[in-house]
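Listed in Swiss-Prot for this protein:
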DOMAIN    223-487  domain 'CoA carboxyltransferase N-terminal'
BINDING   Cys227, Cys230, Cys243, Cys246  Zn(2+) binding site
ZN_FING   227-246  zinc finger
Amino acid sequence: MEKSWFNLMFSKGELEYRGELSKAMDSFAPSEKTTISQDRFIYDMDKNFYGWGEHSSYSNNVDLLVSSKDIRNFISDDTFFIRDSNKNSYSIYFDIKKKKFEIDNVLSDLEFLFYSYWSSSYLNNRSKGDNDLHYDPYIKDTKYNCTNHINSCIDSYFRSHICIDSHFLSDSQNSNESYIYNFICSESGKIRERKNYKIRTNRNRSNLMSSKDFDITQNYNQLWIQCDNCYGLMYKKVKMNVCEQCGHYLKMSSSERIELSIDPGTWNPMDEDMVSADPIKFHLKEEPYKNRIDSAQKTTGLTDAVQTGTGQLNGIPVALGVMDFQFMGGSMGSVVGEKITRLIEYATNQCLPLILVCSSGGARMQEGSLSLMQMAKISSVLCDYQSSKKLFYISILTSPTTGGVTASFGMLGDIIIAEPYAYIAFAGKRVIEQTLKKAVPEGSQAAESLLRKGLLDAIVPRNPLKGVLSELFQLHAFCPLNKTEIK
């Protein structure tokens, strides 16, 4: 059991902790001087510290003792030793959970000192009007004992320091429940994990705000995005989806990548109505394949994990396919394979340069061997496109690109470009470690490592990517239709 020493002075008109504060507090604002030490506290009973809660129009007449960062250490103390102006020592014990309060050694004298103060003419002459903020409903009953009052002071003290409003409680029937009970700490000062802990457990986070506040938060979720690396918040339409604080590359949807690469008003999608028919009738008890497809379609607004079409890149006609990791992890099924195959065949017939932006977890297991056959199908039409027609194909690898996509068209580009810090591999780190029982070196599957080993041609940031692609196309004799349209 931890113990703390407090020097108290009992006099006729006031009770104070020895020490100093830079200023008196009549609000919830923290004191500018928040450092604390043993024997350095003030408890001026003439100061008013207003409580909170639905029925808390009272003032508890206590000053701010410590800042909120010291709250855990303060709560963990179960026993306090005090001494009066005559140097008589007392031991005060209170159990927050049971609201048990005990004072050893000359209990009656100590109670008398408290009772004398609360019965003083200063307190009795206070206004008891409903609009008087200094009116204390606990004091109106002269029989109110010091034990209950100290309990209420301690309870209100902790509430005010943590700055929690009354609506944070999960329901109205808990309004009379002691807040301290919900902020239980261990003797070492570390927070215990408790099922009914209303402040810090994620499971009960929805209880921390009213339904109205929750709806407002949901509405603004469309405006903000959180960085995966530094966890900073930024406007969702941040330029190029690159964190402004740490430079981390955030995931982009296929539609965002199309908007980034293709000139406005020139995008013509292909095969938008092609959807999977669940060819092998793959079903799980938890969630059938068709249900997963429907859910992904509602979430992303896409029919499958790739968008294909034609457009202009700085005035140069191109065929473009962009995979979307948000749709079932960008997995490659029969629809993805068919759409990419048709795109390549169209580019071959029209002699268009080809760009495929890869972001995938690999072949889709729900379609079995049919998904694996897409690797061979796409590779075969690419062979005709590159070898027979001598056309130009650029592969852009984003994070993550793994599995069957890496083993097929992802690594078949005439020029292979990767985004900075992209995760590119055939088998994932966890699979390798579980299979070979060996640790995978950190960063060995990052784009920078692959570039050093010659598996990539370039790592290009998002900002200059469009210009780099335009120069590569012009180098291979693909010129803009109208030079005036070049940005």
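Cβ coordinates come from backbone N, Cα and C, glycine included.
Features as recorded by Swiss-Prot, highlighted on the structure.
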residue	record	Cβ neighbours (10 Å)
Cys227	Zn(2+) binding site	19
Cys230	Zn(2+) binding site	11
Cys243	Zn(2+) binding site	19
Cys246	Zn(2+) binding site	12
(message) With an 8 Å cut-off on Cβ distance to the Cys227, Cys230, Cys243, Cys246 Cβ center, who else from the chain surrounds the Zn(2+) site?
(response) Asp228, Asn229, Tyr231, Gly232, Glu244, Gln245, Gly247, His248
(request) Report the DSSP secondary-structure composition of the zinc finger (227-246) as helix, strand and coil residue counts. (result) 3 helix, 4 strand, 13 coil
(message) Can you work out the mean pLDDT of the predicted model over the domain 'CoA carboxyltransferase N-terminal' (223-487)?
(response) 92
